[in-house]
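Quick notes on the structure that follows.
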Amino acid sequence: MEKTNQSEGSEFIILGLCDSWELQAFFLVIFSSLYLTTILGNIFIVLIIITDLRLHSPMYFLLANLSFIDFCLSSVTTPKMIIDFLKEKKTISFGGCMCQIFFGHFFGGGEMVLLVSMAYDRYVAICKPLHYSSIMNRHMCIGLVVASWIIGFVHSISQLVIIVNLPFCGSRVLDSFFCDIPLVIKLACLDIYVLEILINADSGVLAAVCFILLLMSYSHILTTVCLHSKDGASKALSTCTAHIIVVVLFFGPCIFIYLWPVSITWVDKFLAVFYAVITPLLNPAIYTLRNKEIKNAMKRLQC
């Protein structure tokens, strides 16, 4: 009981990305600009899809939800990181640390499932075009989005339950810019071997299952595309390419962080920055630059 109270009342010391004040000042400008661009970009996609009636289709409904999740995911850790660039001593409370872990896995898990839903939407559109309207109806679209939120919540709670009551003693130093389970669990003053297996299995299974489903979907889609006319295949391939790029950028860092057996600090930091800061920015950029309907909607706004 004493150890638990000690854990709940303690702070964690965050080392951040680097020690140099010059680099921190540089990172402050860079990441502030990236975060602002991410927020504005994702909000813009949500608003343009809501306001343009021509974009009221299942694919863009799912895309709007993806942009909203990216908006939320980027806001879990980036604002704290930006503020810490101005501080000499970087700390986070136990409650703040648990919140970062909960919401990071909540939005991250939800995005994994949502990407599978988007792949399913493209699978039905390309492989079963005559049944698309009946399959991807309003109830199906809402159900897919709700399912992504529920699975993300269950995944996050299952992670949090494992670590929230762990006793922490001795060093409370996190060599990163935010709280994540692989780092926090190493500070617990007990044998964490079994807990690490449970946590990595939880995150790893969700990521692996979603990734396998995505590979199956896009493999089937690309096979179908190759058998159709060049015009239809070209348009379908363009849409799927954007989806595949987003999938690789999102799942790559996740799978490496949670399933790779060897931990290298600078690699982990780079992947964490890429996952938390860069990916939510690239999603709207990729969809905007590669999607003709979105670009046409932007032109209509300017008229």
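The backbone N, Cα and C atoms fix where each Cβ goes, and this holds for glycine too.
Here the structure is a predicted model, which means the values were calculated and not measured.
For 41-287, the entry in TrEMBL reads domain 'G-protein coupled receptors family 1 profile'.
The feature transmembrane segment is assigned by TrEMBL to 25-50 (among others). Residues 17-18, 56, 60-61, 63-64, 67-68, 70-71, 74-75, 78-79, 81-82, 85-86, 277-278, 280-281, 283-285, 287-288, 294, 297-298, 301 of the same chain lie 6+ residues outside the transmembrane segment (25-50) yet bring a C-beta within less than 8 angstroms of a C-beta in it.
Within the chain, the transmembrane segment (62-82) has long-range Cβ neighbours (under 8 A, six or more residues past its boundaries) at 16-17, 28, 31-32, 35, 38-39, 41-43, 45-46, 49-50, 92, 96, 100, 103-104, 107-108, 110-111, 114-115, 117-118, 121, 141, 144-145, 148, 177-178, 276-277, 279-281, 283-284, 287. According to TrEMBL, the feature transmembrane segment maps to 62-82 (among others).
Look at TrEMBL and you will find 102-120 (among others) tagged as transmembrane segment.
Sequence annotations record features per position, and here TrEMBL assigns transmembrane segment to 141-168 (among others). Residues of the same chain lying 6 or more positions beyond the ends of the transmembrane segment (141-168) and with a Cβ under 8 Å from any Cβ of it are 3-4, 6-7, 10, 58, 61-62, 65, 98, 101-114, 117, 120-121, 181, 184-185, 187-190, 195, 198-199, 202-203, 206.
Annotation comment: TrEMBL describes 205-228 (among others) as transmembrane segment. Sequence-distant neighbours of the transmembrane segment (205-228) (same chain, 6+ residues past either end, Cβ-Cβ under 8 Å): 109, 112-113, 115-116, 119-120, 122-123, 126-127, 151, 155, 236-237, 240, 243-244, 247, 251, 254-255, 258-259.
Look at TrEMBL and you will find 240-260 (among others) tagged as transmembrane segment.
Residues or ranges marked as transmembrane segment in TrEMBL: 272-290 (among others). Sequence-distant contacts of the transmembrane segment (272-290) (same chain, six or more residues past either end, CB-CB distance under 8 Å): 17, 31, 34-35, 37-38, 41-42, 44-45, 63, 66-67, 70-71, 73-74, 76-78, 81, 104, 176-178, 180, 238-239, 241-242, 245-246, 249-250, 253-254, 257, 298.
On the 0 to 100 pLDDT scale, the model's mean across the domain 'G-protein coupled receptors family 1 profile' (41-287) is 85.
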